[in-house]
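K.L.:
The structure follows.
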Amino acid sequence: MTALVAQHLRKTYRRRGRPPVVALDDVSVSVAPGEVVGLLGRNGAGKSTTVQLLAGARAPDSGRVRVLGLDPRADRRRVRGVLGVQLQGATLHGALTVRELVRLYRSFYRRGLDPDRLVERVGLGEARDTRFEQLSGGQQQRVSVALALVGEPRAVVLDELTSGLDPEARRSMWALVEDLRADGVTVLLVSHHMEEVERLCDRVTILDAGRVVATGTVPGLVERAGLRPTVTLRTDDPAAAGVLARLPVVGQVDARGPRLVVTGSAGPAGTGPDELLREVGSALARVGVVATETHLRRPGLDDAFLALTGSSSTLEAP
Amino acid sequence: MTTDRTTRDPRAGDLHPGLPSAAPRPGAAAWLALTVAEAKMVARDTAGLVVPLGMPVLILVMNGLAPGLDQVIPGTGGRTALDVYVIPLTLTLVVAMVGVVNMPSFLAYYRRSGILSRLGVTPASPALVLGAQALVGVAQILLGIALALGVASVWLGASAPARLGAAVGVLALTIAAMYAVGLLVAAVAPTPGSAVAIGLTAFFAQGALGGMFGPRQNLPDALETLGGRLPFGAAVDGLSAAWAGGAVPGQSLVALGACTVVAGAAAGAWFRWE
């Protein structure tokens, strides 16, 4: 059973006098109950459109959306009662204070969290009597997170959870997501912050130009992108490169002056980063080569993202 | 990829256990909270209070200073032209201005700024938001009218309507009709600017045909008839009759009632969150 499902979504925006823009083209995303899934993509990749379709704020041209088994368009009120949504850049009643806003939104739900405690939990205890329009961008962001959670939802969609937050506030939001996971809440985390996704998400779906380019765990995506770990080291011994190139775990050795870049071998078995480092170290020790400045680089989600989406395309679509 | 937890999925059509069996509708508490929130928004925005509170007094005083208004109209229990013509016109003008122009532009701003789309993903329904807006707007109108009538009776010697109950009834129906038109404007206007434009057009069109710029009798017959069946003219006729002590024309009541039902239903059907 899946908590959030989007299947084969297609959405085209038509405006008079302009060519139609295909925002989503056959996009499928799913989140199992209690799972935290990241939706990763550049600006204009279709992340926010996917969120709007999941929340039922817009209807897809074709495809199917289910939230805890319900159609968010046909069964609007039931879905709204169990799905918390944080919308990117949503404005709120500006003249109301933090506490008034959280209480207002609490009144929409049959059950939910204590507003005052929630305000404390998102770090706005001292700003609780400040009007929304007088808050900083980061504080407004935290209010919108609080409003997404105040109805004690079974599933949450968080769109750009930590954009505009300082590192400390970001970490406290990450802790909040960990709490949600511990409570068994299903989370779809929309982000372009790699560290955030890598740290919080069980799985990741990568969108690029309205299409899903990959879905999987972070190690799975790194593997699919064909990324291999590298060890760089410095040595004056001319024999070192030849010794390393003959190791089965090594795919390639590039010499850049006194610096060697050793890349792990490819193939389905692949070479793990720790294995590569160990094998390189012991091979050099066996032949008595002295190496300094040894550095292991593990490919991460950011490398996989760039490899899977093509690094050149940085155009921002509307 | 072997850890992909959705591999045990595919029965996505099943409902999850523990979902509420019925769709709970946000109740009176939610409506009250939203109304209080709207009231605070208005009260904390002092500039927004000028039109509903200041304008009625201004219009009444300006019109009330014209010569000849102290002339007693026969058969009205001593009521003057001010009571029978100027006050009904002023009250209708205020309700139409706030209901058809002010309120929709406020709602359109809400939509543009994302407030409505945010509310749209909560269990709050469009009716809840529109109802709270309408109630706060009506409170402003009533406050404005009370202030205007108070000034008129103290300084201009205005009298109470001959049939108070009828006047209150027609005023209530007028508010309902104008608000329904205003909600329809808010529902169909794509931008805040167009909400003001559409609202002003609706306001001036029915105002011109309803006697805002001079007696309706001066209009060609067809337009005069049409004007009396639009909410503005119908409201002026109804209030004028109530002040003079005559029977409120059934045609006015039907026009106002029909306008409320038709425009209100259309607004509810076409309302968009963004």
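Including glycine, each Cβ sits where the backbone N, Cα and C put it.
TrEMBL: automatically predicted annotations, no manual curation.
From TrEMBL, here are the annotated features:
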REGION    B:1-24  region 'Disordered'
COMPBIAS  B:1-14  compositional bias 'Basic and acidic residues'
DOMAIN    B:31-241  domain 'ABC-2 type transporter transmembrane'
TRANSMEM  B:47-65  transmembrane segment
TRANSMEM  B:85-107  transmembrane segment
TRANSMEM  B:128-158  transmembrane segment
TRANSMEM  B:164-188  transmembrane segment
TRANSMEM  B:195-214  transmembrane segment
TRANSMEM  B:253-271  transmembrane segment
K.L.:
Can you name the far-off residues of the same chain, 6+ from the ends of the transmembrane segment (B:128-158), with a Cβ under 8 Å from a Cβ of it?
P.N.:
26, 30-31, 34-35, 37-39, 42, 49, 52-57, 59-61, 64, 70, 80, 82-83, 87, 90-91, 94-95, 98-99, 102-103, 106-107, 116, 119, 171, 175, 179, 183, 267-268, 271
K.L.:
Applying the under-8 angstroms CB criterion, which one of B:47-65, B:164-188, B:195-214, B:253-271 scores highest with the transmembrane segment (B:85-107)?
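P.N.:
Answer, by Cβ pair count: B:164-188.
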K.L.:
Excluding the flanking five residues on each side, which residues at least 6 beyond the ends of the transmembrane segment (B:164-188) place their CB within less than 8 Å of a CB in that stretch?
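P.N.:
Residues 91-92, 95-96, 98-104, 107-108, 111, 130, 134, 137-138, 141, 145, 195, 198-199, 202, 231, 234-235, 238-239, 241-243, 248, 252-253, 256-257, 259-264, 266-268, 270-272 contact the transmembrane segment (B:164-188) from elsewhere in the chain.
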